[in-house]
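Everything on this sheet refers to the single structure shown next.
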Amino acid sequence: VNMHLNINVYPSAFTLIANKTGHLLIWVSWRKDTEFCEYIRRLLQNPLFRSFMISVISLNGVLLVLETDYDFMHNFYAYLEVADLIILSIYTMEILLQLYVDPLNYWRSGYHLFDFILLVIAYLPYTIDKNDVRHYRTWSIINGFQALKILKLISYSRDMRSLITALGQTVKAVTYVLVLLFLLMFIFAILGYGLYGDPDTGDSKNWGNLASALFTLFSLVTVDGWTDLQNELDQHGFKSSRAFTIVFILLGFFVFFNISIGVVIMNIQDSTQNYERELKAEKQAALQAKKQALLQRQQEEVNMLIHQQKTSEYKTFSELVEDFKKTLHHSDPMVLEDFCASIPFIDLYVTSLDLQDDTVYRLQELYHELVGTLNSILEDIREKSMVAPETDLK
């Protein structure tokens, strides 16, 4: 897979291409409209533009629904044609802008190729004369494919793209499961034809040939009307066919069919987790970029203060800072890079304060006990000193 890195340096744009052999190829494109190109790129990535395109695609879907009503189509045919032309021109302008911004990498995106194919399909009805009876059937078929234009919503929804990616990853695993299921159906079709396909005594309608037997087994795999098929075998006297039906349903439906569903669910879950991790990484990157911008702005403000101190009447830097504090508001964002402002340090500091409080409390209890003990000793000494003079008098 080729790896591309676009470096836009006014007035030229360089594209570095690393091919499969690892050699670095440099393609130089001299563009004198780099600033305008960057403006168009920002326009295409703007949320308002994306919301506008989603609204246009949704409106296109509503118009397609209205076109299915014959009376409405007959009364407002001219307005529907104008609206369809306007929507088609918007789709065309979008693709032209994308090609203008990046004409090379545009064709390397599968979603962009899909949008281009949808645009070509949208133009096909205008290449056929629908008034000609010979071409009206072809025009009707091509016009029916205009409903595919609603799939342009996939390009504007990351959730849909994540789901499509997960389904694409499951194709290989599900294909192996389907091949095994077909082999199982082929084996049971041969057995069913040999056991119940006799044209005189058997059920020739459902088991008379290989094609009908495979179609019958498909009905059994989907568990759709399997009781009716079993009743027909019972009416022909094949009571032992119940074991045949039960074994095939257990293998075909409960094993292979559910395995394919499980594979799809697992891949969708993995894709959803990857999508959530990407969103988390993007949020962290955006937060870090905002943080760096705030830090840079703070640094510029400090440098401006220092410059003002050198060129103003302030005697000291502290006076300048005190004057600057008066211009601050509570809503001003601040980024603190000190260690003491981090959440882990605050948690550790609060825990240390709790331990210190517990230690102080234990020391207070120990001091109370010491005071009580000393008080008891003093009282004993007073009692003994009072008893001694009395004995001397006697």
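Every residue, even glycine, has its Cβ placed from backbone N, Cα and C.
Features as listed in TrEMBL:
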- 265-296: coiled coil (COILED)
- 47-274: domain 'Ion transport' (DOMAIN)
- 48-66: transmembrane segment (TRANSMEM)
- 78-100: transmembrane segment (TRANSMEM)
- 106-124: transmembrane segment (TRANSMEM)
- 174-195: transmembrane segment (TRANSMEM)
- 243-268: transmembrane segment (TRANSMEM)
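If one looks beyond the transmembrane segment (106-124) by at least 6 residues along the same chain, the residues whose Cβ comes under 8 Å of a Cβ in the stretch are 2, 4, 88, 91-92, 95, 98-99, 142, 145-146, 148-149, 151-152, 154-155, 161. Mean pLDDT, taken over the domain 'Ion transport' (47-274), works out to 85 on the 0 to 100 scale.
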